[in-house]
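Remarks on the structure that follows.
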Amino acid sequence: MKSLKSSTHDVPHPEHVVWAPPAYDEQHHLFFSHGTVLIGIVGSLIITVAVVGNVLVCLAIFTEPILSHSKSNFFIVSLAVADLLLALLVMTFALVNDMYGYWLFGETFCFIWMSADVMCETASIFSICVISYDRLKQVQKPLHYEEFMTTTRALLIIACLWICSFVLSFVPIFLEWHELSVEEIKAIFKDNKTEKEKALEAHNFSSALNQTLGDNQKSNAKHVCLFDVHFTYSVIYSFICFYVPCTLMLTNYLRLFLIAQTHQVRIRSLQMTNPPQLRGQGASSYRNQGTQGSKAARTLTIITGTFLACWLPFFIINPIAAADEHLIPLECFMVTIWLGYFNSSVNPIIYGTSNSKFRAAFKRLLRCRSVKSVVGSISPVSPAYRAFSWIRPSRLDLSSSEHPSDACDTGRGKNSKGGDCATADPTKPDVSVSEEIIYAGTKVFDSDTAFSS
């Protein structure tokens, strides 16, 4: 969503009498004549990283059994798709528009482009908010999470997320709820004609004039894709699509941090009250939970903090620019827009550096290795092996042996290794099964599963 981009109108051409604001065109041309190369390089880099990174995220989740079995990763796919569409459908045309200084793709696509911009940004924001909520539910009630977050419920949440994003973008823009009328502009700026007023007058004038122009004349006219945002529309959109989700994200992060602190208190309590022989066992479990919870909180902080750093400047400036366009320089406004776009290229990098499962999947995809070769190379004692084993129901089946070769032969009273079957005390829990049960309860605190457990 941009305060300077949605209705298409003519920019003055030296050979024709199509009237439009020369002040805007001169300022626009002057700015980009000195920075076109830099804009092209930086914009192309942001787009490339966003496309490659988000494609890798989607491929990693769809091709890795460790990642594809997680309901949480459905929401990461939603975020990656939103960022990918933003890069392909919005950033690409925004870069061309900013480099040329005028719109090349027609009036109809101007509306589609602006609507896609608002929809993808909104879907990205909502997805990050849902991810933080999903993460909190795992930490709060890990044993009930699988029952709560079913595949149907996860897909329903994603569907609602995208439907809301579509309604908040395409409907208001195509119904022109966002636009200022000439009367509203005159009431705000009184007798001083502004660039927006001239633009709207030019649009009304040129719409009638273009009907009398020849095909060659109309083909030579240059157009600008403007988004003349009503102040009320800007405030409502910013509140619903940014400030409310951000408040929820920060609340979820705070609650997750408090849970991690609670486990730290339990660790100290166990160390002080339990006897030495039990202190190590209980404290070790809580210590792992507390440490992993702190890592998960830090990862969530990085995601949320990066998002705020990228989008907060734009959502502060946008209502101000809608109220009075002269308060915000064009250059400053464009920097905040591209800073928001930059968030779409940062998210895959954060996943790749903070999650070992994503790192392994990215390496496999970049090296074109098969899934079987990666799974076969995982050590039985590695965290990745434990995570992969955790998704297999047989690992928690107490009626079956994990190692068939060690099964007890009831006829001989011996196992396959010659050991005495009687040495296994049925009253004592099996160590491997106990580890799996503990892992099932504590895996949500693992930093590697901060957003993909």
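Every residue, even glycine, has its Cβ placed from backbone N, Cα and C.
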If you compare the topological domain names in Swiss-Prot, are Arg135 and Glu176 on one side of the membrane?
no
Per Swiss-Prot, which of Cys110, Cys120, Cys332, Cys368 is disulfide-bonded to Cys225?
Cys110
Over all shown protein chains, what is the count of other CB atoms within 10 A of the CB belonging to Cys110 (disulfide bond)?
23
